[in-house]
Amino acid sequence: MPVRRYGGRYNSSSPGVSNALNPSRTAGWPLSPSPATGSKPASTHHDPVPQEAYYVKDEADARHQQQAPLREPSVEVEVEIIDDEPPRGSQKPLSVAPCTANANNSSGGSKCNAITASRYTFYTNAYQKSVYEALRSLRPLPELQEPRRVKEYAETSLKDSLYRIVEAHDVIMVAGAFFGDEGKGKTVDAVARHPLCTCIARVNSGENAGHTVYDKAGRKFVFNLAPSGLLLPGKRNYIGPECVMDPVSFMEKEVIQLIDAGIDYRDRLFIGNVCIVTPYHKLLDLLGSAANSSTLKGMAPVHGSKVMKRGIRLDHIFNDDETLRKRLEKDMDTYFGLLKVKNLSDADVVRLCREENSDGVVRVPDYVIAFAQAEDKVEFLVKLYRDRVRHNPGFPARCDVTYELHAALLRGEKVLLEGPQSYWLSNARTKFWESTTSADTTAAGLLAASQLNFQKFKSVVLNVHKAPGSSRVGIGACPSSFVPQDYFSAQNIKTLRDLPSATCAHFEAVQRTLFRDGFPHSNDKARHNGIMAPVEYSDETGTYNIGVAMAIASAQHHGECGAVTKKPRVCGFFDCVLHHEVNNIQGPYLTISALDRGDEYDKVGVTIAYVYYSPEGKQVDVNGHVYKNGDIIRAGDPVPSEPALYHCHPIVKLIDGWRDNPIAAAKRRRNAPLPRGVCELLSAIEYFTNCKILSIGNGPNGDDIIYLRQ
């Protein structure tokens, strides 16, 4: 079957591209998923997230189900439990609760998700095998042999690399280049330490972002809205008016850390006229969000209030109570309306809040629960803000942040804009629009929110990515991930510690199985096509699909969990297809964090293209282009949106590791030549994305960075 593609360097007659899939396997595309025999099919108001490779195809597969799926986006559906037997070959069941449906539920729903109950398995199921059988005949793309020349990278100093860029610009933006959690803190800290960089600012988003920083004494601080520069003497830190803030949470969780550590923030932390995240915004988030889709920080609801001009800003709290009451009363209509539609009482809301906190992680604060219980909710909030904010002597100073940043630039000082989340989590990016945050967290969004004159002041973007173990947390498509984004939540795994400690605990063995068996022809250039085989990994706890094993092992071994939610992040390969667009929009500079992880890998992988394949033969129209089975999407082609990306499978280029020549700061001699594997990886990323790599992270400490000569 001829391959159809969209733009790029190659056409349908290029060697290794035409007839990308074996016609004997794909003619007519007969493969289609079927629910397990005897189970009730899920009925939803929209297509389920089509992660086909994890669908249980037959009754034999279904017999091994024991997961505890959570709620699917905005719907609850009935599910028949086939069996709660442990995963195949296991000695004992995993410590996740089996799903139980309430057949007598008057609403016709249950607490279980039929899609995930029938779709996800720990082991390799028949559906995964069928997908692989269709793709295994894909002809190797010529790009798998690129780049032909491996660059040599030499180490240089901070002063001769990063600081030259800082000194040539007025506004420096540090931005996430993937889906957040890229390790931006090191680069922020390095830029902030420059003598001319006097102002560090957060200019949008809210406490759904999170970063961990350490002071010189080694004390740990976890900040969400507070800029990282608070720990550096002589720096002024700002939270701009386009940010959204829960001032009670900000005082209780962030400012209290500074107070307890004896850090004087009075002349170093300033807050603009931010939009206020109220308790009802957080409850709206809880009541209206799908499992694993939100940090429960009220982001979407408060941005809704902001756009509708119905909410309150910080200045309202510091002025007359009557105006505050009227605005709160009007804005709260949305909350009361949702309770009415869902037929929920205050007691129901309190119960749901306590259920959310039942595992010991406080996702819904006490004062939010107290609000839900309050009879006069408006008066409750007026008093809450009067006592905890307006009359709180510890509340930081307020100012016109835009004016102060502009004044600093006119004095010749540098301004650092600390980007929350990332490019692909930005609400302004249509590709992942349904699973993004609610602010524009691209570099363009940062600059717009700062309200600094981009024609007057010279700006630069420092993009940050992470490899190996590029990760995403939350729902949505991510073709390069080892498992679907909702895989962990479907097992009722809310935090990293919910993962059974003995499961896939031998990271060394798991990664070896992936690269040895998952890519059986990796050493044969004529046969390696970059498609991962659905092989299995076994340990004393059971047998697991290699993608599942790598997802669990990576999350545990690398400590990959959300800084805010503690949810396990889903790891995968560095994605050149996605980063090419990031580089086009806000490149070319890139720093790669955590590259010393590669010291423990036999090989490292980078996704250089996707192949579109839907066993049902489903076609997806994106921006007027219809994606069909066999389409190849290369780095440099337009990135399709999520409806198509759910059907995309990664084509992975493998690069030999550097175990014998580790780069970790604790093991490497400064200025020692970088291993060939590192140079090959960096060369591949630069080749496929056109970026310019400034530095690589090689350890946990703030100064564990190798700067590269340009």
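Each residue, glycine too, has its Cβ placed from N, Cα and C.
Residues or ranges marked as active site, proton donor in Swiss-Prot: His211. The Mg(2+) binding site annotation in Swiss-Prot covers Asp181, Gly210. Per Swiss-Prot, IMP binding site is recorded for Asp181, Glu182, Gly183, Lys184, Asn208, Ala209, Gly210, His211, Thr295, Lys309, Gln421, Thr437, Lys567. What Swiss-Prot records for Ala563, Val564, Thr565, Lys566, Lys567, Pro568, Arg569 is substrate binding site, and it gives sequence analysis as the kind of evidence. Per Swiss-Prot, compositional bias 'Polar residues' is recorded for 10-25. The compositional bias 'Basic and acidic residues' annotation in Swiss-Prot covers 44-54. The region 'Disordered' annotation in Swiss-Prot covers 1-54.
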Most Cβ neighbours inside 10 Å, all chains, among the recorded positions His211, Lys566, Lys567, Arg569: Arg569
Those binding-site residues listed as Gly210, Pro568, and which of them has the most Cβ atoms within 10 Å of its own Cβ: Pro568
Residue from Gly210, His211, Lys566, Pro568, Arg569 whose C-alpha is spatially nearest that of Gly183 (IMP binding site), among the recorded positions: His211
Arg569 (substrate binding site) versus recorded positions Asp181, Gly210, His211, Thr295 - nearest by Cα: Asp181
Residues Asp181, Glu182, Gly183, Lys184, Asn208, Ala209, Gly210, His211, Thr295, Lys309, Gln421, Thr437, Lys567 [recorded IMP binders]: greatest CA to CA distance in Å: 34
Shortest C-alpha distance to Gly210 (Mg(2+) binding site) - which of the binding-site residues Thr295, Gln421, Lys566, Lys567, Pro568: Gln421
Within 10 angstroms of Asp181 (Mg(2+) binding site), Cα basis - recorded positions out of Asn208, His211, Gln421, Lys567: His211, Gln421
Alpha-carbon distance [Gln421 (IMP binding site); Pro568 (substrate binding site)] in Å: 16
Cβ neighbour count (within 10 Å, all chains shown) around Gln421 (IMP binding site): 28
Asp181 (Mg(2+) binding site): secondary structure state under DSSP, collapsed to three categories: coil
Integer Å distance between the CA atoms belonging to Lys567 (IMP binding site) and the residue listed as 'active site, proton donor': 14
